[in-house]
Structure formats: C-alpha cells, structure tokens
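Trainee: Have a look at this one.
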Ligand SMILES: Nc1ncnc2c1ncn2[C@@H]1O[C@H](COP(=O)(O)OP(=O)(O)OP(=O)(O)O)[C@@H](O)[C@H]1O
Ligand SMILES: Nc1ccn([C@H]2C[C@H](O)[C@@H](COP(=O)(O)O)O2)c(=O)n1
C-alpha cells in the first residue's frame, strides 16, 4: 500500500532524488530539521544490505541470496551527537556504509528488482506524522509517487567529485579527484540505466541545479517550495 500511515490522515512527504554527490543527504537532513519532519536516507538501506552481504561473504552475482539478505538484514537508525548512525544487524556500520566501495555495492544490488521490492515497505513505513523528507533515486517516482512536494537535485559531475573529494580528505581518506570522478560517472550510469526504478526526475519534480550554489542557498530554495512553515 502506498498511502499515509493512517487511512484518514494524509502525511505529507517531500522527496529529494538525484545522483551521487548532488547533496540529497545534506539538504534533506537540514530541511527535515527545519520542518521538524522525519528523515529517510533510502540509500543507507541499499548500502546496509550490500555491507551485510559482504559480511556474510555472499556473491554479488547471486540474486536469490541477496534478496534473502535484503529481507533478513536488520537496519536501524540512531541520532548520536547530531549525526545519524546506521546499525546493521545491531552493529554500528556508519563509517563502512559511507565508503565508495559500499556505494558501488549498493548500486549493483539495487539493480535487482526483487531486492528493491524487499525494501519497499520498510521505506514506506517512515511515512509518519508530522511529515517525511525522503532522499534517494526513486522516492518521487516509485516509493512516494503521491508526495505533494518533489525535488530533483543535480550538479555537474566535476563539482560532485570535488565535493566528495573534500569530504573524504577532511576525514583523512586518501583518494584522487580523477578516481572519484570515474566512480561517480560509473554509478550515475548504472543507477540511470537499470531497468527497474532508474534514477530520473519524477514528472512533477522541481529540478534544482546546485552547481555553484552553497548548501544554505539550496535549503532555502527547497523550503520555498513548501507552504509557509
Ligand atoms: N550545495 C552544496 N554546495 C557545496 N557542497 C555541498 C552542497 N551540497 C552538499 N555538499 C557537500 O557535498 C558532499 C556530498 O553531499 P551528500 O552526501 O549530501 O550528497 P548525496 O547526494 O547524498 O550523495 P550520495 O548519494 O552519494 O549519498 C558533502 O560533503 C556535502 O557537505
Ligand atoms: N532510492 C534509492 C537509493 C539508493 N539506491 C542505490 C543506488 C545508489 O548508487 C546506492 C547508494 O545510494 P546513496 O547512499 O549514494 O544515496 O543505492 C537506489 O537504487 N535507490
């Protein structure tokens, strides 16, 4: 069922989709804070299944095993010191989840239709009052098609690679700009070209190109789409 958590009360949803590094997570968290709404990081679910599959030594070319893994993996979110921590089978896997390796694994398993189906209800369960900000690739097209507010964030691949480079450098991770650009382009292509729920803007989404725009400016543009709050 794709509806609000109650038959009679409509729970508003703001979907924010876009490619890797477009700022979905950052903007969604800030907008959710400003609105006092819940937040769904749908990519974390795919990353968590990918990481759990790695821990269990599953073959990423074995769809049946990955689908079982998607159903069986326990995924929890916890706010700690202002940061969202992700628990995979009760283990804090936040740092492992944020690696480019985990992103690439998530992108690969996300192309399996049964894995996507296995995660559908878990994502829709986040739709709770007073509202939800949901970020991902198919939030506006597949998971919450009736969302009244939809945004599609973009930025040039070069700027997205630079943002990621800075983010990882700040964390002390050794990477090259060229390598990150290649990974971003490969992930864009896989996410946009898959047969099921490909990365694309919903027909009723407002597109915001964030190239050259700071975080605060993007947050304000998104908030301006909602009624006065
Ligand atoms: N408008 C912006 N201007 C400059 N930096 C930004 C902007 N938006 C996000 N960033 C920075 O870019 C990096 C990537 O942002 P974020 O993780 O939110 O992207 P994402 O689209 O959620 O990526 P992914 O899909 O890979 O999880 C972060 O370091 C974030 O602070
Ligand atoms: N709604 C979603 C969210 C994520 N994915 C897949 C594709 C991404 O490359 C990967 C990691 O997501 P991220 O954490 O970078 O947002 O997971 C998807 O297919 N659908």
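Just so you know, glycine gets a Cβ as well, placed from its N, Cα and C.
Straight out of TrEMBL:
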- 15-225: domain 'Cytidylate kinase' (DOMAIN)
- 18, 19, 20, 21, 22, 23, 24, 25, 26: ATP binding site (BINDING)
Trainee: List nothing but the one residue from 20, 22, 26 whose Cβ has the fewest other Cβ atoms within 10 Å; the candidates are the binding-site residues.
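Mentor: 26, out of the binding-site residues 20, 22, 26, has the fewest neighbouring Cβ atoms within 10 Å.
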Trainee: Beyond 18, 19, 20, 21, 22, 23, 24, 25, 26, what residues of that chain have CB atoms within 8 A of the centre of the ATP site's CB atoms?
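Mentor: Leaving out the recorded residues gives 27, 135, 153, 155, 160.
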Trainee: Which binding-site residues of 18, 20, 22, 26 contact ligand 2 in the sense of C-beta under 6 Å?
Mentor: 20
Trainee: Might you list, by sequence position, any residue in that chain lying six or more from residue 18 (ATP binding site) with a Cβ less than 8 Å away from its Cβ?
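Mentor: Spatial neighbours, sequence-distant, of residue 18 (ATP binding site): 24, 137, 151, 152, 153, 154, 199.
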Trainee: Over the domain 'Cytidylate kinase' (15-225), work out the mean pLDDT and round it to an integer.
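Mentor: 95, rounded to a whole number.
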Trainee: Three-state secondary structure of residue 24 (ATP binding site) from DSSP?
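Mentor: Once the DSSP labels are grouped into three classes, residue 24 (ATP binding site) ends up as helix.
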Trainee: Using DSSP and three states only, what is residue 18 (ATP binding site)?
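Mentor: Reduced to three states, the DSSP call for residue 18 (ATP binding site) is coil.
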Trainee: When you measure from the Cβ of residue 24 (ATP binding site), how many other Cβ atoms are you left with inside 10 Å?
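Mentor: Neighbour count, Cβ to Cβ under the 10 Å cut-off: 27.
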